[in-house]
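Engineer: Got these off Swiss-Prot a minute ago, pasting:
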DOMAIN    1-29  domain 'SUZ-C'
DOMAIN    65-131  domain 'Sm'
MOD_RES   1  N-acetylmethionine
MOD_RES   3  phosphothreonine
């Protein structure tokens, strides 16, 4: 029996970092990720706090709308759009506590009908339903 030939693996070498010892890129270099320009409010901590509280209220409102939409979907026919433009339809049953998976029944896929299934939320691009 012959021993397998080792296939060489390409190695990516990063340039030296700004301090000369590490590898990587300078944070202010031309390859640094672009960050959106956000005006900083430094003069008044109360204004900064109110901006953070406004963002928090907006997030809370969006989360509440999302959770209410999940509650309204229970027992209804829902159409899901997945990656690669795949469209499936199913009766929505439930979701887990982390809202990471949807439990559905009568899942109609391009290759047939599945009696029960779990859809990962990370695979779902959008969903629609009629209440």
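Note: Cβ is positioned from N, Cα and C throughout, glycine not excepted.
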Engineer: When secondary structure is assigned with DSSP, how many helix, strand and coil residues does the domain 'Sm' (65-131) contain?
Structural biologist: 15 helix, 39 strand, 13 coil
Engineer: On average, what pLDDT score does this prediction assign to the domain 'Sm' (65-131)?
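Structural biologist: Here the mean pLDDT over the domain 'Sm' (65-131) amounts to 93.
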